[in-house]
2 protein chains.
Amino acid sequence: MTRVFNFSPGPATLPEAVLRRAADEMLDWHGCGMSVMEMSHRGKDFMSIFAETESLARELLAVPANYKVLFMQGGALGENAIVPMNLIGRTGKADYVVTGDWSKKSLKEAGKYGAARIAASGDASNFTAIPKQSEWKLDPAASYVHICSNETIGGVEYHWTPDTGSTPLVADMSSNIMSRPIDVSRYGVIYAGAQKNMGPSGVTLVIVRDDLLGHALPITPSAFNYQVQAENESMYNTPPTYAIYIAGLVYQHIKASGGLAAMEKHNAQKAALLYDFLDESRFFTNKVAKADRSLMNVTFWLKDAALDDEFVKGAQARGMVQLKGHRSVGGMRASIYNAMPAEGVKALVAYMKDFEARHA
Amino acid sequence: MTRVFNFSPGPATLPEAVLRRAADEMLDWHGCGMSVMEMSHRGKDFMSIFAETESLARELLAVPANYKVLFMQGGALGENAIVPMNLIGRTGKADYVVTGDWSKKSLKEAGKYGAARIAASGDASNFTAIPKQSEWKLDPAASYVHICSNETIGGVEYHWTPDTGSTPLVADMSSNIMSRPIDVSRYGVIYAGAQKNMGPSGVTLVIVRDDLLGHALPITPSAFNYQVQAENESMYNTPPTYAIYIAGLVYQHIKASGGLAAMEKHNAQKAALLYDFLDESRFFTNKVAKADRSLMNVTFWLKDAALDDEFVKGAQARGMVQLKGHRSVGGMRASIYNAMPAEGVKALVAYMKDFEARHA
C-alpha cells in the first residue's frame with residue numbers, strides 16, 4: 001500500500017491514524033459485537049460516541065454554553081437554504097458579502113425566502129480580495145449578515161472577524177473550520193460541511209446561538225429546523241451516524257495533536273512554504289491579495305497554460321494528486337487542510353521548483 | 001471478536017462480508033492510494049464507484065429507463081417535506097394513507113406545503129392492519145397518493161401494490177426496499193433511507209419518474225430539488241460519498257446472493273420461523289392482521305410485561321441485542337432485514353421457546 005499526497009479540495013485527505021482506527025473498529029466497536037454503522041442511533045453505544053463527538057467539537061472550538069451544536073444533513077449547499085428558512089423570518093431581509101462562488105450560491109438561494117441583498121462584493125478585484133469592512137453597506141434591518149470565511153475556488157480567506165454590531169453574523173466555514181481557533185461568540189450561526197477538516201461528506205456541523213432558535217418560516221422542513229433538531233439533540237431524524245463517528249475520531253486526533261492553536265501553526269507553516277515560493281517564482285503566480293490569501297486552498301497559475309497537463313501528470317507520477325484548479329478559474333490549486341502533512345507541501349514545492357527549472 | 005445478532009430497527013445489521021471489504025479498503029481503495037472517504041466526488045475513482053452503485057440499484061430494482069435514480073441527504077423524514085415540495089405544486093393537494101407512526105409524520109409534514117388529507121387510515125384497527133383499497137377515499141385532484149410500504153414500529157407491511165389510477169403513487173420504502181422485487185412502474189416516486197437494507201444512515205435513495213420532475217415549489221432548496229439533482233447526477237451538492245460506497249458494496253452483495261428474488265425467499269423463511277412460533281405460543285403474541293404482517297419487523301408481546309426486562313437481558317446474554325419494542329408501543333420487536341442471517345432468527349426462536357417453557 002502506498003498512500004498519495006491528496007490535494008483534493010474536498011472530500012479531502014484524512015489523518016491516516018483515523019483511517020487505521022476506523023478500519024480496526026469496522027466489524028466490532030470496542031467489543032460490542034457490531035460496527036458503528038450498524039448501531040441504533042438511540043442505543044447506548046452510539047449515544048456515547050455522539051456525546052463525545054459533540055463534547056469534543058465544543059471543546060476544540062470553545063463553544064459558549066448559549067450555543068447549540070447540531071449535526072445535520074444536507075451540506076453547506078443545503079444550509080444555503082436552511083439558514084434563511086430558520087433566520088430570515090425575523091425581519092424578512094438579509095445581507096450577503098460576496099467573495100466568490102460559494103457566497104454567490106448562498107446569496108442566490110436566500111432570495112427564495114426573503115429579500116437577500118449584497119452588502120459588499122469582491123467583484124471589483126475579480127474576487128482576489130475580501131472587501132474591507134469599511135466598504136460594507138450593512139442594512140440595520142437585516143436578520144443576519146452572511147459570509148463565507150474561506151472560498152475554496154478563488155483561494156481567499158478572512159483573517160479577521162467582521163463586526164456586524166447587533167446583527168447576527170452567519171458564516172459558512174466549511175473549508176476552514178477547525179483550522180485555527182475562532183471566537184464563536186462573535187457569530188450567530190456557524191455552519192460547515194465536514195468533508196475538508198472534519199471527516200467524510202454527509203454531515204454538517206451547525207453552531208447556533210440560542211436566541212436565534214424559534215424563528216423558522218412555516219415552510220421549514222422539520223428535519224432542517226434548528227429548533228426541532230436542538231430539542232431532539234440532532235436526532236429528530238436518524239443522523240448520519242458513521243460520518244459523525246469519523247468526525248469524532250478526527251476531533252480526537254486534532255486534540256491529541258495540540259488542538260486548534262497547533263493546527264493554526266501547522267497550517268501557517270505549510271501555506272508559507274507555498275506562498276513564499278510563489279512570490280519568488282518567475283514561472284508560477286498567485287493572484288490573491290496577500291492579506292486575504294487562503295491557508296487552506298493555495299491557487300496558482302503556470303506562466304504557460306499549455307504546460308498545465310504536463311504539470312498535473314508529472315505531479316501524479318510523483319504521488320501528488322488532485323492539483324488541477326476548479327474548471328471555472330483554471331490553473332492549479334493545492335488544498336492543504338489540517339490533515340495534509342508538511343511533507344506533502346514540501347514535496348509539492350520541490351516538484352514545482354524542478355518543473356520551473358526545466359521550463360523557465 | 002464476537003459479532004452479535006443485532007435486531008436493531010435501523011441503523012441495522014450489515015453483511016459481514018461488506019464490512020470486511022470496507023475495512024480492507026479503508027486506507028487504499030484499489031491501489032489509488034487513498035480512502036473512498038478522501039476522494040473528490042468529481043474525481044474518476046469516485047465517479048466509477050458512483051456509476052456502479054447507481055447501475056446496481058437500477059439492475060436490482062429493475063428501474064425503467066424513464067425514472068431517475070438519485071442519492072440524496074436528509075433521510076426519509078427529510079423526504080417527508082421534500083416530496084410535497086417537489087410534487088404538491090401540481091394541484092396543491094395530496095392524499096395520504098396512514099398506517100402507523102411514519103405515515104402520520106409524513107402527513108403532518110406535507111400540510112406545510114398544501115392540502116394534505118387522509119385518504120384512508122388504519123386507526124380503527126389501532127394500526128394493526130393496512131386499510132383495504134376498497135375503503136380508500138381518493139381525491140382525483142390529488143397531486144399524489146402517499147403510502148409507507150412498511151411501518152417499522154407497528155410491524156405492518158403492504159404485500160400488494162395499491163392502484164391509484166393516473167394519480168402518482170409515492171412510497172416511503174425505507175424499511176423494506178430491496179427486500180423483494182417490486183414493480184417500479186407502478187410508482188411515481190419511491191424513497192428510502194439506506195439504514196435498513198442498503199447501508200449506513202445519511203444517504204437516501206430516491207427514484208422519480210421523469211414526468212414528475214420540474215414541479216417544485218419556488219421555496220424548494222436547490223439541494224433538495226429533484227430536477228436540480230437529476231440534472232447534476234446527484235452532485236449539485238457534495239453527496240455522502242462514503243455512505244454511497246457502502247450502499248454499492250451492499251448492492252454487490254445482494255446481487256451475488258441471487259438478487260431480490262433470493263432476498264424475498266430468505267426473508268419469507270426467516271419471518272415464517274418467528275410468526276409460526278408466535279401463532280402456536282401461549283406466552284408470546286403478535287397483534288398484526290396475518291395478511292399485513294411485516295417480514296422486516298416482527299413485533300411481539302410477552303404475556304406478562306413485567307418479564308420484558310428479563311427477556312431482553314437474557315437475549316443480550318446470548319448475543320441477541322436491540323429487541324426492545326419502540327417506546328410508543330412497548331413489547332418486543334425483532335427487525336430481520338436482509339442482512340440478518342437465518343441463524344439469528346433460529347437462535348431467537350430457540351431462546352423464546354426456552355423462555356416460555358421457564359415462565360409459562
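Note that Cβ sites are derived from N, Cα and C of the backbone, with glycine treated the same way.
No curator has checked TrEMBL annotations; they are predicted automatically.
The following features are taken from TrEMBL:
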| type | residues | note |
| --- | --- | --- |
| BINDING | B:Arg42 | L-glutamate binding site |
| BINDING | B:Trp102, B:Thr152, B:Asp172, B:Gln195, B:Asn237, B:Thr238 | pyridoxal 5'-phosphate binding site |
| DOMAIN | B:4-348 | domain 'Aminotransferase class V' |
| MOD_RES | B:Lys196 | N6-(pyridoxal phosphate)lysine |
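Within 10 Å of the residue listed as 'L-glutamate binding site', as judged by C-alpha distances, the binding-site residues found are B:Thr238; the full candidate list was B:Asp172, B:Asn237, B:Thr238.
Across all of the domain 'Aminotransferase class V' (B:4-348), the predicted model scores a mean pLDDT of 98. In this structure the alpha carbons, written CA, of B:Trp102 (pyridoxal 5'-phosphate binding site) and the residue listed as 'N6-(pyridoxal phosphate)lysine' are 15 Å apart.
In sequence order, the recorded positions near chain A, meaning those of B:Thr152, B:Gln195, B:Lys196, B:Asn237, B:Thr238 whose CB lies under 8 Å from a CB of that chain, are B:Gln195, B:Asn237, B:Thr238. In the three-state DSSP classification, B:Trp102 (pyridoxal 5'-phosphate binding site) falls within a helix. For B:Asp172 (pyridoxal 5'-phosphate binding site), the same-chain residues that are 6 or more apart in sequence and have a Cβ closer than 8 Å to its Cβ are B:Ala76, B:Glu79, B:Asn80, B:Trp102, B:Ser103, B:Ser106, B:His146, B:Ile147, B:Cys148, B:Ser149, B:Tyr191, B:Ala192. Around the Cβ of B:Asn237 (pyridoxal 5'-phosphate binding site), the number of neighbouring Cβ atoms within 10 Å comes to 26.
A strand conformation is recorded for B:Asp172 (pyridoxal 5'-phosphate binding site) in the three-state DSSP classification.
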